[in-house]
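Engineer: Sharing the features that Swiss-Prot gives for it:
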type	residues	note
BINDING	GLY208, GLU209, PRO210, GLY211, VAL212, GLY213, LYS214, THR215	ATP 1 binding site
BINDING	GLY608, PRO609, THR610, GLY611, VAL612, GLY613, LYS614, THR615	ATP 2 binding site
COILED	393-526	coiled coil
REGION	6-70	region 'Repeat 1'
Amino acid sequence: MNIEKMTTTLQEAIAEAQKVAVTRQHQEIDIAHLWKIFLQPNHFGRNFYTDAGLDVDAFEREVDNALDEYPSVAGGNVQYGQNLSQNLFHLLQEADSLREEFQDEFLSTEIVLLALMKLKNYRLTKYLMQQGITEKELRKNIEEMRGGDRVTSQNQEEQYKALEKYGVDLVQQVKAGKQDPIIGRDEEIRDVIRILSRKTKNNPVLIGEPGVGKTAIVEGLAQRIVRKDVPENLKDKTIFSLDMGALIAGAKFRGEFEERLKAVLKEVKKSDGKIILFIDEIHNIVGAGKTEGSMDAGNLLKPMLARGELHLIGATTLDEYRQYMEKDKALERRFQKVLVKEPTVEDTISILRGLKERFEIHHGVNIHDNALVAAATLSDRYITDRFLPDKAIDLVDEASATIRVEMNSMPTELDQVTRRLMQLEIEEAALKKESDDASKKRLANLQEELADLREEANSMKMQWETEKEEVNAVSNKRAEIDKAKHELEDAENNYDLERAAVLRHGTIPQLEHELKELEEKNAKDNVKMVQESVTENEIAQVVGRLTGIPVTKLVEGEREKLMKLNETLHKRVIGQDEAVDAVSDAVIRSRAGLQDPNRPLGSFLFLGPTGVGKTELAKALAEDLFDSEDHMVRIDMSEYMEKHAVSRLVGAPPGYVGYEEGGQLTEAVRRNPYTIVLLDEIEKAHPDVFNILLQVLDDGRLTDSKGRVVDFKNTVLIMTSNIGSQLLLEGVTPEGTIPEEVENQVMNILKGHFKPEFLNRIDDTILFTPLSLDNVKGIIGKMTAQLAHRLEQQEIVLEITDEAKTWIAENGYEPAYGARPLKRFITREVETPLAKEIVSGRVMPKTKVTISLLDNQLVFENEPIEEV
């Protein structure tokens, strides 16, 4: 018997049977060893017997019994499983005769299974005949399975029932109730039906952005076929979704993938138009399985597509269609394009309403309608890099999952009581060991408190368990209704009118009445520990978590924080009232939801001399809004002085180094859409930079080098500049105000430097005034407070007299340079001498240092702090 003339599956089975013989210490490989392998899960042999109507588990037990009765041999040099038994040799000879009768080139598994029926006296054959399995019946099954084909390939078993192996029957899935309902998309489904009804080129390809519902359209068509809501020519059709991954996986040798695909196509062709093939991500067939000298999957499909023998629906995204399909013109022209557009917000709300029931049943929660509306509107506005309805469905799913997790977790109140109980029990155990009166008294009080707490914990636990049971009861009732509705659909499709009438007028109304009673009973309980409702607030929290943009309703603490934003900024930025007011007002407008949804939250141009707080205000705002001054996108425009550096903002163009990295501005905002963008020293940048900023200021959007639109609608744009600072320094009044004449002069210089279309798009141009003496004193107070804070860590208290502060202000401040020289002056005159005192040991921990003025010089006096 030539093993080379066997199919791969049979060769592998014999090799595995030898391993069984070795494990069981049997000298020969018998029929039972081989059948042990044939009956393994997912093996061709097991599936073959299952289709013949045999109880395979009982047959497997019979095979095990036969193996147990086989004699095992023990010894030092015994060779196990090296020979075939007389029975197995005889079986393979019978199988070879059958192979010649069937005119096969290779001996396949099903022929060996049939050959067993020839050995009438063998134990397993007798068992099969007792179970009603006959040679005639098995032969008929083989002929049906082969459909007139001969075995010409070593992988023949893989090609039987290829569609079942490598595809999913969508129509069957709908009948089994495994698919969510498809709402809308009627126009696209009609287009698909029309193209499928053509004589030739009857292959639609659905093209659209990821997440717009291309696969859903095919599922919608499957649902219509089940409901018989299609033209006559499609009523008896079935849709198979081809799994390209399963088709390619495990194809080890050249040509194996093509054989599998040919087997699938052969089955489709044999069905005479009854099977519609659906390939998701159809661009994968271009080049799939392509190796040197072999054809790719696309070329195997072309002849059948052209002749109309294959009904194929494809789905792919716009980018991949352009990249793969359009390159292969011959393949592209065999398809008819159906463009799937993103649904509107209104359509998305309808889709969500249709899916609501499925989500409620799956998660066991109650989803409010306002949550669905919020999911559609908020995802459309804030999640800009994905598409409806996918992103809205994700929000509802995520919010429902959050509530479900909370429902299954212990409520906070009960958790607190349980932890307190544990704490007191530990204390009780410790006090029991003490014998003094105070401890006994404390123990008595503690035991009293423990008794009360235990009672409270038990009642809360009972309430929680009851509420959970009530929620689960509602969830189970919803699932029952869903099952009954599915049964009703089945009954109507099969014209079982009596069953349909019982369900429609009896079972379903009864279940709905019971559900209503349960919901009303739940609604009466005012105080609830379990939150089971998904509202718009939960959706808003999910949006905030995904994007970092706060869209939840204002809570009390945040209201106070926003109303005090002005004061907080003033504490850090001293003297610039107009600028602080303008920025804080923009933030308040945005959180109240009143700002223009198509523009940034605010765009400001800060003008003024150096060192008066322009950049500091941006940092202060970042710290107040995001609790960290690093939480802002800071771009120093002095780095963008050359024309070619402009591309760094939006990314290098294709073909240039760094194309994959994206732009510094666009990438930062894409990852963090709610932020402050600070463009420092903007007048230093090349004029072309301002052209890039035009659409940011006007529409709140910017397209990067890869064509992705980055959303700037939730950013505060702050630009700083020193233009006209000399005029501001010279023209400021003693009171610290800027005369109108000086303001006009500065504006004229500004108009000369920036184009009108740039200035026209900025919300507010704010002039920062040079600092007055009072402002400078305030800044000195702030700087010395920071120094005092650093000294506190060394247990040194710092005090500075008003005269000393005035002297520092008069000597350290230069109007032309703003507050920055003050920092250097304080370092030189205060920090350095103080550091020397500490290092020399004259100032020790637990010391108070007072800085005062004497003979126009700062003097340091130190005294020990008395311990209280």
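Each Cβ is built from the backbone N, Cα and C atoms, and glycine gets one as well.
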Engineer: Please identify, among the binding-site residues GLY608, THR610, GLY611, GLY613, THR615, the one with the smallest Cα-Cα distance to THR215 (ATP 1 binding site).
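Structural biologist: That would be THR615, nearest by Cα distance.
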Engineer: Round to the nearest Å and give the CA-to-CA distance linking VAL212 (ATP 1 binding site) with PRO609 (ATP 2 binding site).
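Structural biologist: Between the alpha carbons of VAL212 (ATP 1 binding site) and PRO609 (ATP 2 binding site) there are 52 Å.
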Engineer: Minimum Cβ neighbour count within 10 Å among the binding-site residues VAL212, VAL612: which residue?
Structural biologist: VAL212
Engineer: Reduced to three states, what secondary structure does DSSP give GLY613 (ATP 2 binding site)?
Structural biologist: coil
Engineer: Under DSSP, is LYS214 (ATP 1 binding site) helix, strand or coil?
Structural biologist: helix
Engineer: In the region 'Repeat 1' (6-70), how many residues does DSSP call helix, how many strand, and how many coil?
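Structural biologist: Counts, helix then strand then coil: 46 helix, 3 strand, 16 coil.
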Engineer: So of PRO210, GLY213, PRO609, which of the binding-site residues has the fewest other Cβ atoms within 10 Å around its own Cβ?
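Structural biologist: Ranked by other Cβ atoms within 10 Å, the binding-site residues PRO210, GLY213, PRO609 bottom out at PRO210.
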Engineer: Which residues, same chain and not among GLY208, GLU209, PRO210, GLY211, VAL212, GLY213, LYS214, THR215, have a CB within 8 angstroms of the centroid of the CB atoms at the recorded ATP 1 site?
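Structural biologist: Here the non-site neighbours turn out to be ALA216, ALA315, THR317, VAL340, GLU342, PHE387, ASP390.
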Engineer: How many other Cβ atoms sit within 10 Å of the Cβ of LYS214 (ATP 1 binding site)?
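Structural biologist: Around the Cβ of LYS214 (ATP 1 binding site), 24 other Cβ atoms lie within 10 Å.
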Engineer: Please report the distance from the Cα of LYS214 (ATP 1 binding site) to the Cα of VAL612 (ATP 2 binding site), rounded to the nearest angstrom.
Structural biologist: 57
Engineer: LYS614 (ATP 2 binding site) has how many other Cβ neighbours within 10 Å of its own Cβ?
Structural biologist: 28
Engineer: Pop the Cα-Cα gap between GLY608 (ATP 2 binding site) and PRO210 (ATP 1 binding site) into the table, whole Å please.
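Structural biologist: On Cα coordinates alone, these residues lie 48 Å apart.
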Engineer: Pop the Cα-Cα gap between GLY208 (ATP 1 binding site) and VAL612 (ATP 2 binding site) into the table, whole Å please.
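Structural biologist: For VAL612 (ATP 2 binding site) versus GLY208 (ATP 1 binding site), the Cα atoms are 53 Å apart.
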Engineer: Which of these binding-site residues has the least crowded Cβ, counting other Cβ atoms within 10 Å: GLY208, GLY211, GLY608, GLY611, GLY613?
Structural biologist: GLY211
Engineer: List, in sequence order, the residues of the same chain other than GLY608, PRO609, THR610, GLY611, VAL612, GLY613, LYS614, THR615 whose Cβ lies within 8 Å of the centroid of the Cβ atoms of the recorded ATP 2 site.
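Structural biologist: My list of surrounding residues reads PHE606, GLU616, THR720, ASN722, PHE768, GLY818, ALA819.
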Engineer: Using a 10 Å cut-off, grab the number of neighbouring Cβ atoms around the Cβ of GLU209 (ATP 1 binding site), all chains included.
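Structural biologist: So the Cβ neighbour count for GLU209 (ATP 1 binding site) comes to 17.
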Engineer: Around THR615 (ATP 2 binding site), how many other C-beta atoms are within 10 angstroms of its C-beta?
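Structural biologist: Cβ-Cβ neighbours of THR615 (ATP 2 binding site) within 10 Å number 17.
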Engineer: Let me know how many other Cβ atoms fall within 10 Å of the Cβ of THR215 (ATP 1 binding site).
Structural biologist: 15
